[in-house]
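See below for the structure under consideration.
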Amino acid sequence: MNIAKVIVDIPVSSINQTFDYLIPEKFQDILSIGMRVIVPFGPRKIMGFVVDRTSESAFDKLKEISDVLDLTPALTTELLDLGRWVANETVSFYITALQAMLPQVLKAKYKKELVRMTDSELPPYLEELFSGRDVIAYEEFEGSVISYYQLQKAVQDGDISIDYLVKSKITKKHVTMIAPSRDLHLLEEALQDLSKNAKKQKQLLQYFLENSEPIEKKLLLERLQTTNQTVKILIDKALLKSYQVEVYRNPYDDDAFQRTTELELTDEQEIAIKPIKENIANNRHDVFLLHGVTGSGKTEIYLQAIQDVITKGEEAIVLVPEISLTPQMVNRFKGRFGSKVAVMHSALSAGEKFDEWRRIQRKEVQVVVGARSAIYAPFENIGIIIIDEEHETTYKQEDQPRYHARDVAIYRGKTHECPVILGSATPTLESYARAQKGVYKLATLSKRTNEKAMPEVEIVDMRDELHAGNRTMFSRELKDKIEHCIQKGEQIVLLLNRRGYSTFVMCRDCGHVKECPHCDIALTYHKNSNQLKCHYCSYEEPMPMNCPECTSDLIRYFGTGTQRVEEALTKLIPEASVIRMDVDTTRRKGSHEKLLNQFAEKQADILLGTQMIAKGLDFGNVTLVGVLTADSMLHLPDFRSSEKTFQLLTQVSGRAGRHELPGEVIVQTYTPDHYSIELASKYNFNDFYKKEMTTRKTFQYPPYVFLALLTISHQNKVKAVQTAQKIVQLLMKNIQNDTVVLGPTPSPILRVKDRYRYQCMIKYKNEPQLRSYINKILDLFAEESRKEDLLITVDMQPYHFM
Ligand SMILES: Nc1ncnc2c1ncn2[C@@H]1O[C@H](COP(=O)(O)OP(=O)(O)OP(=O)(O)O)[C@@H](O)[C@H]1O
Ligand SMILES: [Zn+2]
Ligand SMILES: [Zn+2]
């Protein structure tokens, strides 16, 4: 077995195959599958993953592995398999899929050090290597006679640790501990024997006689006002010892969490959790769709199911959307499971993320709560995977590999024979349809746990406001309610639904929006050409001067930012204090939390923000929620726009009246009759589902078909168009009868960073060979891509059509 199969780090052409390398003698004993290595490749040396070891190769004259980067595999065999599946599913490179599973620190340029972790005598060869030092460069080991096997052994025993020195020094942190190294009575004897003058030494020994626990050296010196020198004398006398421990940069103070205990479940919760618990007990894999209104106690179900998993000695992965990974959320898991919980959040520093990842790898925790990439947590005995707010589009990665965490979760759930729970108040049509067909098991929580009714939603028609002479963006109704609320000392959440602004054209008089006659998608306004275009099928028409419905000349495209709304708001209601939350005010690390805390502490009357305020927040004093423009998302060139509007309105309404005080919601809109607005205001998911499914069926969108989106970009417009056309022709030749290839059409944003982008969309029901056709096409253009900077991106489950 002296040959390693290595996947190398060059995602330029379709190098998905492995390369064989000879394993030099010195690595024979230590090299295992999943480790990262450095190998010669052409003139360069590059990184790769060992995916297999064999004794035979079809090639002779193999090159040797130059270096081994890990002494503990970075990836388990399960993750290696998973990576292959992800790469295939998403039409990505295997290496890219593997890289996506690792924390940043392991991807960056590294320099390594060996850190001595113990004061006890090491084997002589290691003593010689360290020669009195605590930390040495890794190269010193490489230049020595010590074998990799000997080092690996010392690492496994915990005597030596390998540190990565990344550019910004985001590495492990060590502290020196001091502890007695003899029995206490020997310390006592030593104390008696000390001369009178050795006051400092006496003081130190006295301290340890009273506190025999190890203490951090820095703290000890501070506490006793003593010196390093004194400590060293006692260490030399073998009365005390010093050693290093690794401290994790735990960003959450575990002690600060109020411990919680299991609540007695409601009848609905009992019914919902039962089959999940059975799954756990019997090592069965099912996917459960937990459809529960906001505040219905989904999280409590997660917690109790996880408890079963922990008791069984297995592990749990919980995914929550980035945006709702707030301290409030983390609290609920740490409150129940304390230090058994690791948190993977993008706001952590790279070093903190690495620490959390290592705690998972070393099985020091049993639960991970994190955003999308936590689905790759290197647990080996997963007992449950939970995806909260399963409808959130952030679970889809918009970068290679373009995977959806839900799919990865289900794949891992199958491998580990454990349940997967998808929770939401507004499930995606895809998931709900699967539950209807029995592919997923549906569990429903229809009531809030406190039996409180959902807040009343009132729809305000902004066309009427305009006709009554109110040209501000606040209806009279909303203004009155805000003022009333402030007087009572209660708080308000205002949502400005900004996604999609300035793209669609609407008549402010009658609310008419121009749509494509072929696609049921709002046309997009192109300022340069003054044209309206469909980004699915290329249909276009000139921007009208008057509304085709009512002839009004107030037909415009939309555009307002949060900052302008804030200004208008403070002008309209000067006594209101406002906290604004949008991409601008939350750019700095921690600012998101800071603003929310300020609002929770009632430092402001109004929280004004974009989508990011719609979810997961739980403020008892909020009694009014206002949605300024419910329609802005409705007319995006996206077949999911009605669904997204319904989801957003439902989520934001759930923010009001969650506790004692009753809540109220005002939704301002120019299209009050649109079914997604109407049905969201009545919390009627079932009717929305039926209605939306009909639309999807008529226009052939998911879940009735699958989509794939190919985007071709190049600096030269003609080149981009021609390539796109060629690709469409190639696809047409290979596909089955009921598959449709649309395009090429310009992407909604045609030119990005000087590149022209054209796309074609494939709608298919059953096309088992599609991935391999696409791969063939990519191969065909590989040369051109490399030489002429042509870019072809493939998205097998598109969510963004921009
Ligand atoms: N069985 C129960 N008995 C009493 N209170 C409960 C019970 N289950 C949950 N709760 C409480 O009800 C409130 C809402 O529950 P939870 O936040 O779990 O709902 P959710 O469905 O996750 O809500 P959302 O979708 O809004 O996040 C919480 O304060 C929770 O502590
Ligand atoms: Zn009109
Ligand atoms: Zn169209």
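Just so it is clear, glycine is given a Cβ too, placed from its N, Cα and C backbone atoms.
Taken from TrEMBL, the feature Zn(2+) 1 binding site covers CYS507, CYS510, CYS547, CYS550. Per TrEMBL, Zn(2+) 2 binding site is recorded for CYS516, CYS519, CYS534, CYS537. According to TrEMBL, the domain 'Helicase ATP-binding' annotation covers 279-445. Residues or ranges marked as domain 'Helicase C-terminal' by TrEMBL: 542-696.
Selection of the binding-site residues CYS507, CYS510, CYS537, CYS547 by a Cβ distance under 6 Å from ligand 2 yields, in sequence order, CYS507, CYS510, CYS547. For the domain 'Helicase C-terminal' (542-696), the model gives a mean pLDDT of 84. For the recorded site, CYS547 (Zn(2+) 1 binding site), the DSSP three-state label reads coil. Only CYS534, of the binding-site residues CYS507, CYS510, CYS534, CYS547, CYS550, place a Cβ under 6 Å from an atom of ligand 3. Cβ proximity to the Zn(2+) 1 site centre (mean Cβ of CYS507, CYS510, CYS547, CYS550, cutoff 8 Å) flags the following additional same-chain residues: ARG508, ASP509, GLY511, HIS512, PRO548, GLU549, THR551, SER552, LEU554, ILE555. Look at CYS507 (Zn(2+) 1 binding site): DSSP puts it in a strand.
Cα distances from CYS547 (Zn(2+) 1 binding site) to the binding-site residues CYS516, CYS534, CYS537 are smallest for CYS516. Sparsest Cβ environment among the binding-site residues CYS507, CYS516, CYS537, CYS547, CYS550 (other Cβ atoms counted within 10 Å): CYS550.
When the C-alpha distances from CYS516 (Zn(2+) 2 binding site) to the binding-site residues CYS507, CYS510, CYS550 are tabulated, the minimum falls on CYS507. Here the candidates are the binding-site residues CYS507, CYS510, CYS550, and by Cα distance the one nearest CYS537 (Zn(2+) 2 binding site) turns out to be CYS507. Residue with the densest Cβ environment among the binding-site residues CYS510, CYS534: CYS534, by other Cβ atoms within 10 Å. Closest to CYS534 (Zn(2+) 2 binding site) by Cα-Cα distance, out of the binding-site residues CYS507, CYS510, CYS550, is CYS507.
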